[in-house]
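What TrEMBL says about this one:
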- 28-57: compositional bias 'Acidic residues' (COMPBIAS)
- 616-633: compositional bias 'Basic residues' (COMPBIAS)
- 530-562: domain 'SWIM-type' (DOMAIN)
- 1-57: region 'Disordered' (REGION)
- 604-633: region 'Disordered' (REGION)
Amino acid sequence: MGTYVPKSGRGNTRAARNGKGKGSDVISDVEDDEDSEDVDFEETGSDGSDDDSEDETDIGDFIVEEEGLEDLMDEIHEKSFEDCLDGSSKMDKNYKNGKVYVEQEWGSIKLEPWLIFKDREAFLDVLKDYCIQEGFGLSVEKADSRRYTAVCAIEGCDWRIHASKMVDKMSWAIKSLTGEHKQCGRLEVNPIVTTKWLQVNKRLFYKVKAVAKEIIHGIFSESYALLPRYAEMIKETNPGSYALITWHNDGGNVDPRFKACFFSFGAQVRGFLKGCRPIIGIDGAHLSGYFKGILLSALGIDGNNEIFLLAYGVVDTESQESWTYFMRNLRALFQREGCNKDDWTFISDRMRGVDLAVHENFPKATRRCCSQHLYMNCKNGGWSGELFHKLFWIAANAYNPYVYNKAMEKITDFDPRATQYLDTCTEQWSRHQFEPEVCCDHNTTNFVESFNAVTKPYRDLPVLRLFEAIREWSMQRIGVRFDKAADMEPQHLTEHAKVELELRTAESRFCYSTACGGGEYEVREGHVKFPVNIDRRTCGCGVWQVSGIPCKHGLRVIYNQRLDPLDFVSHFFKGAAYKLAYAEHMHPMPDPTQWPEFNLPTINPPGIKRTAGRPPKQRKRGAMEAKKRKRHT
């Protein structure tokens with residue numbers, strides 16, 4: 001039996017150079033030999049012996065040859081992209097004429113003709129880096145999917161670049177690059193530089209944003225210092241307005257520190273007292289700027305069922321003391337206009353200190369509680385589910401005691417503790433409890449929350465900018481309605497009253513009335529009968545007296561008697577009251593640079609600052625509260 005041994009190192013060297021070894025990626029430029037692999041080896045006789053020692057010697061010789069082969073393999077280098085251009089492709093000539101772009105560090109980027117890029121995006125990215133590096137802008141002459149031509153943005157400079165797509169329909173190459181930047185200097189502000197190109201830290205963006213806000217809207221501390229002069233300008237430009245800034249001294253020769261403020265323009269307070277329904281919605285919203293504070297607001301509802309801003313202000317914290325301050329100024333505002341009315345109706349959620357502050361300044365006031373907040377308290381107490389949700393809102397929206405009691409009986413069957421909790425609510429939350437004189441069936445504070453939504457984009461700005469945003473919003477809103485009210489006839493109904501009357505008229509077609517004499521009627525709807533008194537403007541369903549607009553049962557009687565429904569609608573929903581609500585408009589104000597000097601102290605901002613970190617923009621919702629959804633138009 002014979003053994004194979006290498007004839008010489010020549011055969012193995014050629015195999016290594018030809019890249020026949022396993023794992024070699026070197027491309028061979030030499031054709032394989034026509035002979036088989038056996039040609040590189042010769043068969044030697046064993047001399048008729050099978051000695052183990054001779055076998056070990058032969059194997060050792062073979063191993064030495066392999067080590068020499070590895071040394072030879074280490075000397076072979078991989079070919080570059082240009083080494084592979086063997087003329088087999090029509091692109092080889094173009095690539096050999098040019099130079100494939102290799103990524104370079106920013107600051108040492110160089111462009112030259114026939115510099116080849118993998119695609120159009122790669123070319124534009126390198127061109128942008130080069131322009132920013134050299135400090136000049138571009139004026140694009142042609143730019144499409146096949147070519148790109150641009151010149152220097154400085155007029156008079158002869159620098160020009162032209163690139164286009166190559167024949168492989170993928171690569172791009174710079175075809176011409178002419179001119180030099182001899183006369184044009186480096187741009188201090190280069191329009192090519194974008195935030196995406198900068199790739200700066202996210203934290204730096206917040207710092208830049210804070211600096212930009214100060215430049216645009218002013219500094220927080222300076223905003224508080226201008227408040228005394230701002231209050232004087234309100235009273236000077238809008239006679240009859242109420243503007244009060246309250247501060248306190250820390251002792252010594254230190255400037256006083258801001259404590260609270262209260263604003264109400266003359267057009268607002270007089271319009272509310274003369275033309276709006278006697279209900280006031282109050283609420284507070286947190287400021288998210290550099291200094292802490294609470295924006296308190298009081299709003300009414302006009303004859304068109306739209307919000308009417310009455311007064312607003314900022315206090316340091318939401319407490320009984322701060323609400324007492326706000327209510328005390330609200331009462332002083334009414335008294336200055338000659339109104340000593342005490343039996344106002346206030347609606348709010350169950351905030352701390354509100355109830356005591358209201359009754360301290362308005363002893364005969366009626367308190368309504370927002371049904372939505374009351375329902376959320378019930379959910380937090382463990383009473384939830386579809387059944388409780390349905391029963392609660394039947395009770396909350398009940399216009400008469402019968403429907404309310406039926407719903408409460410079923411809530412008691414559901415869980416007696418839920419009924420006990422609802423009975424502890426001393427404020428009015430069901431519609432059947434509302435006074436007919438108010439002519440308003442609102443049992444939620446949604447109209448107040450809508451004002452909070454208006455102020456939300458400005459609550460992280462300096463207080464002066466916040467107050468100016470509120471003033472401009474109110475001024476524009478009242479101005480539009482001032483012009484609208486001028487064209488309105490006194491007996492005409494507002495748009496809201498018209499829509500409600502049309503809907504209830506359509507529903508009245510299914511009702512049947514029977515005259516009882518003395519202005520009383522019995523109206524049947526299906527199997528249910530309701531007593532109607534047309535002289536007192538009441539109905540057994542309770543809708544007419546609570547809302548101030550005839551219900552479907554009352555309208556059936558009115559139409560049967562050939563009467564005009566407009567005569568039975570509350571005066572709050574007619575043009576006369578609407579004209580009184582918007583009889584005045586707010587007057588414009590100059591900016592702070594035009595304010596005269598007043599002999600007033602310079603006050604410092606409040607001592608309470610917000611904690612470090614980005615302040616939250618969204619209100620924190622409770623665990624049982626529904627997620628925010630898209631608002632309906």
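Backbone N, Cα and C define each Cβ position, glycine as well.
What TrEMBL says about a protein is an automatic prediction, not a curated fact.
Confidence in the domain 'SWIM-type' (530-562), given as mean pLDDT, stands at 96. In terms of DSSP secondary structure, the domain 'SWIM-type' (530-562) contains 14 helix, 6 strand, 13 coil. Outside the domain 'SWIM-type' (530-562) by six or more residues, the chain places 398-400, 431-432, 434, 436, 439-441, 497, 500-501, 504-505, 507-508, 511-513, 519-524, 568-570, 572-573 with a CB less than 8 A from a CB of the stretch.
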